[in-house]
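Asks: If you look up TrEMBL, you'll see 1-10 marked as compositional bias 'Polar residues'. Taken from TrEMBL, the feature compositional bias 'Basic and acidic residues' applies to 65-76, 125-146. Residues annotated as domain 'G-patch' in TrEMBL: 92-138. Here TrEMBL flags 1-89, 108-146 as region 'Disordered'.
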Amino acid sequence: MAELAQNRSANGEEDDDYMGDLSHFLPPEASNPPKPSSKKVSSNATLFVQSSKKKKKAKTLNWQEQRKLERERKQEEEDEQTLARIDAPIPQSNVGFKLLKQMGYTPGSALGKEGSGRAEPVGLEIRRSRAGIGREDPRKEKRKREEMKDLQDILMKLREEHRYCLFCGFQYESMESLLSNCPGTDEDDH
């Protein structure tokens, strides 16, 4: 047996005994468990271990949430890159820029016959929603409707209680004079 071990070591073949020392596979905490001096300490340690396991579970997301977060992160990166490219000026080696210079364009000046056009291009808004271009967020639409309703309620209260028309800018003596002299309740009537 000793000769076999010497032959293996001489040939460079040495089998490690992986099962002999399990400390390679166990985490350091499990291989050397601390000896609690009191029950209170051990209960705190178990609570700490349990809470850390719960945190790990809370931090791990299912595959759908991970995919959604990854997609959002990629979209944000793409948006940043797009905006960075838009902010960068067109290089003078660009064919379109050379053509503009031949037609009389000078960098930094406005376009148009008298140079009264736009000096800067129209701003870009990146939309990720699948709604149409003119379609706003339903919450924004609802908020606008509520603001309009609140404004209308305030204007009607001013008319009824104080006999005041905001559009006329005048407080009438009586309700009859308000109704006869004020053209209506809307701004369009005035």
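Using the three backbone atoms N, Cα and C, a Cβ is placed for every residue, glycine included.
Just so you know, TrEMBL annotations never went through curation; they're auto-generated.
The structure displayed is predicted, hence computed values, not measured ones.
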Asks: Where does the mean pLDDT land for the domain 'G-patch' (92-138)?
Replies: 80
Asks: Please count the residues of the compositional bias 'Basic and acidic residues' (65-76) that DSSP assigns to helix (H, G, I), strand (E, B) and coil.
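Replies: Helix, strand, coil within the compositional bias 'Basic and acidic residues' (65-76): 12 helix, 0 strand, 0 coil.
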Asks: Using DSSP, how many residues in the domain 'G-patch' (92-138) fall into helix, strand and coil?
Replies: 9 helix, 0 strand, 38 coil
